[in-house]
Amino acid sequence: MPAFAAGPSPAPAYAAPARPVTVPRPPTTVDRMLRSFWAAGRRAAPVPTLAVCVAVGVVGGAVLVGRPPGIGAAVVGMLVCAAAVPVVVRRRRFGDLALLVLGAALLAVVAVRTAGWVVALCVVAACWVAVVATASARTAPSAVLAPVTAALGAVRAVPWVRHGAGAALGGRRHEAVTVLRSAAITVGLLVVFGALFASADRVFASLVPQVHVDRLPGQVLVGALVTLGAVTAAHLAIAPPVWSRARLPQAPAARRVEWLVPIVALDALVVTFVAVQAVALLGDPERALPSGVTYAEYARQGFAQLVVATALTLVVVGVAARRAPRTDARDRLVVRVALGVLCVATLGVVASALRRLDLYVDVFGLTRLRLLVAVAELVMGAVLVLVLVAGARGSGRWFPRAAVWVVASAVLGLAIANPDAVIVRHNLETQTSSTIDLLYLQGLSDDAAPVIDRLEEPMRSCLLYRRGEQADDDPLSWAWGRQLARDLVPTVPTPSWCPTPGEVW
């Protein structure tokens, strides 16, 4: 048989390149915290808690819209915080309960003071304190991130409420939706036709309860927000986030020389500056001050820089404490001494800044901003003292809560001191009549009225004229400062002349 040549050999088969195997990334600590946090939103809210929160929302919508802040707003704020109290008491979290009481005291300022900036500051501080208390924040990061916790808690509370409402209704959800739809249609028809008939006939209008239809959208929105706030407070108290007790991971310790050199250099710089300030502000001004420069002008220069330096010192101390060497007892002693010297010297910077401000306001007058900056500097000084105590004790677990108490108590103390009245009293005692800025004093709130009432005419009538006009007979908008100003109205004659921009007294 003929031989056949072998055909071409088949091409070798090439295997497709293997796809890389994706190894799932292990969850980080943050991932685990967030998963645990959101998992609490899949539970059902207790029906009594939902009922209380909805009732608080209804009260808030009816009280907060259409009237100036007063005792009604203060009560609504306290009711929102009170939604978390049963859980806090049941779990014996008495430290958190004390913070909630402090928050309630801050909210009570709304019923006492009328200065908008004081009320706003107290409300913000109360919200911060309430979140720290309900979330049981125990560490510095959790206390600083309280606003983030509140925002995430509000988002988490929505499914919690939905599951709770679903569990309460059970198989009657369709019936509930039907009832709500019927009620909404009924209310809408009554409001529309009632408004038409009331506008057409005065006799019928006298029989119809006074309803401000234009306020209804705002009341619904505010009521929903108040309900959400109460629900968030209750849910944070029931299921606090796991990061409430989380601490920053321990940073690697620096070597002793590497850590000590910059801290000692900063110590020397701050101590030298404080010594110069002691000579300039407490010693002989003829030798310490430049020629032609008064105390007030000298004090005015650099005050803002000293405030920033105080704040930066707190940051430096925090970072240095994390990176401090801690191999043995000698390292710990070196750290305490170096940081202690820095804190004590910075207290001298605080004293210098306050002394500068005191000299400055004696000449140029006291204002809200200057008073607020002085309080902020005092708060930073108090926090420095807490740092010194923590360093001396060798433990700072109590420090974050103590700092929260210091800040919130300072805000409450500022409100109790009645800052607008303090401004009027200080400026009238330290300045001559030709240098008093009456236009600025006229712009202060009704809280200053009792101090102004002790002035002589015509300055008294000029500063008291048209005060207390916002006061009305609505008990829900009552505020003590507004009422005091209103009581003075009958005794205030119409001023014959008051300064206008560009004029002096």
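Here, residue 1 is simply the first one shown, and the rest follow in order.
Glycine is no exception: its Cβ is also placed from the backbone N, Cα and C atoms.
Pulled from TrEMBL, these are the features on record:
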TRANSMEM  44-65  transmembrane segment
TRANSMEM  71-89  transmembrane segment
TRANSMEM  101-133  transmembrane segment
TRANSMEM  179-200  transmembrane segment
TRANSMEM  220-238  transmembrane segment
TRANSMEM  259-282  transmembrane segment
TRANSMEM  302-321  transmembrane segment
TRANSMEM  333-351  transmembrane segment
TRANSMEM  371-391  transmembrane segment
TRANSMEM  398-417  transmembrane segment
Are the transmembrane segment (101-133) and the transmembrane segment (398-417) near each other by the rule of at least 3 C-beta pairs under 8 angstroms (pairs 6 or more apart)?
yes
When only pairs 6 or more apart in sequence are counted, do the transmembrane segment (259-282) and the transmembrane segment (179-200) reach 3 or more Cβ pairs under 8 Å?
no
At a threshold of under 8 Å on Cβ distances, which of 44-65, 71-89, 220-238, 333-351 pairs most often with the transmembrane segment (302-321)?
333-351
Paired segments the transmembrane segment (71-89) and the transmembrane segment (179-200) in contact, 3+ CB pairs under 8 A:
no
